[in-house]
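Since the structure comes first, as structure tokens, the remarks are kept for the end.
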Amino acid sequence: MRFYSTNNPEITVTTEQALFHSMPADKGLYMPTPLPHLGTQFFDDISGQSLAEIGFEISKALFGDEISKADLEELTHRAFPFDTPVVNLEAGRMAVLELFHGPSLAFKDVGARYMAALMSYYSKRSDKEINILVATSGDTGGAVAMGFHNVHGVRVSILYPSGRVSDLQEKQLTTLGGNVQAFEVDGSFDDCQAIVKQAFVDAELNAQLSLSSANSINIFRLIPQGFYYVRAYGQVRNHQKPIVFSTPSGNFGNLSAGVMVQQMGLPVDHFVAATNLNHVVPDYLTTGTYIPKESVATISNAMDVGSPSNFVRLSHLYGDNFNQFKANVSGYFYDDDATRAGMQKIYAKYGYIACPHTAIGIMGAQDFLVESKQNSIGIALATAHPSKFKPLVEEVLNLTVDVPERLAKLADRPKHSIFIPAQYEAFKESLLQTVA
Ligand SMILES: *Cc1c(COP(=O)(O)O)cnc(C)c1O
């Protein structure tokens, strides 16, 4: 497998280079080439397979020439000790694909853990220590921190804005210890991101440490997200109905992963791109013109993205052809009032407690099925556990939401963070101390 930049398909790099450099020097995005076709037999045989087993099979097709089968099997099983079950809302008609059974209770675990496992595979063989730097506004940091915790040869430094993440999110970042160090920045998320960016261009620092990023641009976070679309297919294929996936979207990594695996042969009839008021992609699908905007704040805040970084990838997958794109993806968007009403209707109709993001996915599937595909089965991706948005969900649905045991127990663990001003030099000094 090689990887080319969306800005220049002529030049390709190795798996290891794309993994550790995240972004090509020409500021494009890496894409895998060639995308293998998995074969119809493969999809006929997967009904009983777990996420880890499917991940292993697809990983073999992608990286079997470079990484031994035994290593791929070990790393996929280590990455996915949880499954992604399909839960029926209305049998044969509407279902959710629950992606929140991992440690941070959101689908980002899947990408972060696979990327971490691959990085550990390569770093073991080179015996140089890798330093991952991540800025987080909350969610991504938790998935990355837990994904890399205790991973051999990798040290993780997480920068988060002090006082601006939820208590539970902070616990996920600050209680792990070991190879995970949290830096609590006296500033905003943008300050954290600016510090990380500066670190990557600091020649002196890069001469001392082998720095790498775990941001969502990394293609190895997207590739494993394709695995759960396949897992879902394995669970509903007995209905023998065309499948419509509805993906609640922000940066559009999740949807890009679905389209990528469709191009590897997964039988998907159609995708719904479901968003909140940040609806530049649904607008594009109506008008044919893509106009990135400033993001607006909503209650489904993990999707508050005005300029989705993966739009380029998605468009690229359709050969930058609007008609092809539009034939395969429909856009729907919902404001906060509609999202609250949707959460209530979903609970009333199906008895299902959906987080605001998941509710947007379910509404997208419902609206699309009613309008155009009466005989299809709709599968909405449930991107986060409702307890991740506990106060909001409890207020909207007027009930109590329990935090799963594995996360609730973090609440009693002591917090360890290094408090720093929002200044690059302060970060650099304390980073060098922690790794010394
Ligand atoms: C990140 C996130 C999304 C958006 O996913 P993208 O891949 O950025 O489109 C949706 N829901 C939740 C809960 C998220 O954390």
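Counting starts with 1 at the first residue shown.
Cβ from N, Cα, C; glycine included.
TrEMBL entries are annotated by machine, without manual review.
Pulled from TrEMBL, these are the features on record:
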- 2-80: domain 'Threonine synthase N-terminal' (DOMAIN)
- 95-367: domain 'Tryptophan synthase beta chain-like PALP' (DOMAIN)
- Lys108: N6-(pyridoxal phosphate)lysine (MOD_RES)
Structural state census, the domain 'Threonine synthase N-terminal' (2-80) (DSSP three-state): 36 helix, 14 strand, 29 coil
In the chain carrying Lys108 (N6-(pyridoxal phosphate)lysine), residues 6 or more apart in sequence that have Cβ under 8 angstroms from it: Asp139, Thr140, Gly142, Ala143, Val144, Arg221
Whole-number mean of pLDDT values that fall within the domain 'Threonine synthase N-terminal' (2-80): 94
